[in-house]
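Have a look at the structure below before the remarks.
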C-alpha cells in the first residue's frame, strides 16, 4: 500500500484540481461523468501518459506531465506510465520539421531505465503501473499493422501541421512516421484508458486514440493537454508570461537530478510573475491555498521572496527530501546575507529609465561605465560574464525594471545599479 494518504474530494473538486493549467480538454462533460462514476463505484480511472525514451535526463519542464499524473493519483486513480519503447524506434514527428533519427533497441532500453529511476521522484510508485508498448505492438505483426494503417488516409494524416509544412516545403516525410499517431492511438485501445495526458503539440496523436477507441466500440478516452513550461528567464510581457521553453540547450532549465542547492538557487532567481506560473503548474498546493497565498503577498502580509522560497523548497524536497531542501534553503539564505553585505560596500550608480518600464541590462551596464558599449555588454552576457544579484544572466535581451541590483561584470567590476 502507498504511504501517501488519498485526498478526499467531490467529483467537482477533483475536476477543478486535475484540469488546472489545462490547454485542451476533449471533452469536459465526459471527464465529469467519468469522475462521478468513479466516485460512486469506487473504481479508479485509468490515466495514461506516454513517454518515448529518446532523451534520458528529465528537467522541470518534463515534470509538468508527471505533476498532472500525480494529481490524479492523489484522488486514488490508477496512473499508467507508458514507456514507448516500440514507438521510440520511429520517433515522434510532432512539431518536427525533419525526420528524427531512429534509436536502436539498446539505446531505447538504456534511456527507459534512466526514466524509471527519475519519475518516481514525482509519482507514487504504489499507484503507478509502468508498461512498455512493445507488449502489444510487437504482437501486431505485418497483418495487424496493415489493418491498422488502413484505418486512416494519407490526406487526413497530412492535416497535421508538421506534415503539412514539410509537404509544402518539399521536405522528406518517411512512411514509418505516419504510423506513429496510429500506434500511439492503439496504445489507448490496449490499455482501455479513461484519460490520456500530453503536451499541446501531441493533440493530433491523442485524438487518434479517442477515434480508434470509438471504432472498437469502447468508451473513448478524455484528452487533456498541458502547456509547455517556460524557462527560468521568462518574464511578464503585456500581461502574459513570455519566453523560450525550458531547455538544456538554452541553459534555462532545472534538472530534476540536480543537487538540492542548485534546484533551490535556480528557482529563487526567477521573477515574481513567473513564480506564480510555476506554482500553478507544478505545486502540490491546492487552488484555494494558492489563492490565499497570492492574496497575502498582494496585501503585503507575506514578502514575495518568502513565497518564492516556499516553492523552491517544495521542488527541492520533491526531487530529494525535506531535510535536503531545508539545508539548501539555509545555505542560500547564508549566501544571500553575505551578498547583501558585499552589495552595500559597492558604489551606487543611478541609471535613468527615461520613462520606460524597463531597460536592457546591456545598456544599463554600459551607462554605468562597467563596459564600453551595449554591444560589449551583450557579448559578455552571452559568454556568461554578467551576474545580477549573484545569478548569471546570459540572455542578451534581458531587461531590468526599476529597482536596485548588485551587478558583477567579469571578475573585477561590480556596482550597485539603481534604475530610476
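Backbone N, Cα and C define each Cβ position, glycine as well.
Remember, TrEMBL labels are computer predictions, not curated facts.
Remember, predicted model here, so these are calculated numbers, not experimental data.
The ATP binding site annotation in TrEMBL covers 248. As annotated by TrEMBL, domain 'RNA-binding S4' applies to 359-420. The motif ''HIGH' region' feature in TrEMBL is assigned to 53-62. Annotated motif ''KMSKS' region' per TrEMBL: 245-249, in sequence order.
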Taking DSSP helix as H, G and I and strand as E and B, the motif ''KMSKS' region' (245-249) has 0 helix, 1 strand, 4 coil
Helix, strand and coil residue totals from DSSP for the motif ''HIGH' region' (53-62) stand at 3 helix, 1 strand, 6 coil
For the domain 'RNA-binding S4' (359-420), the DSSP helix/strand/coil residue counts are 16 helix, 24 strand, 22 coil
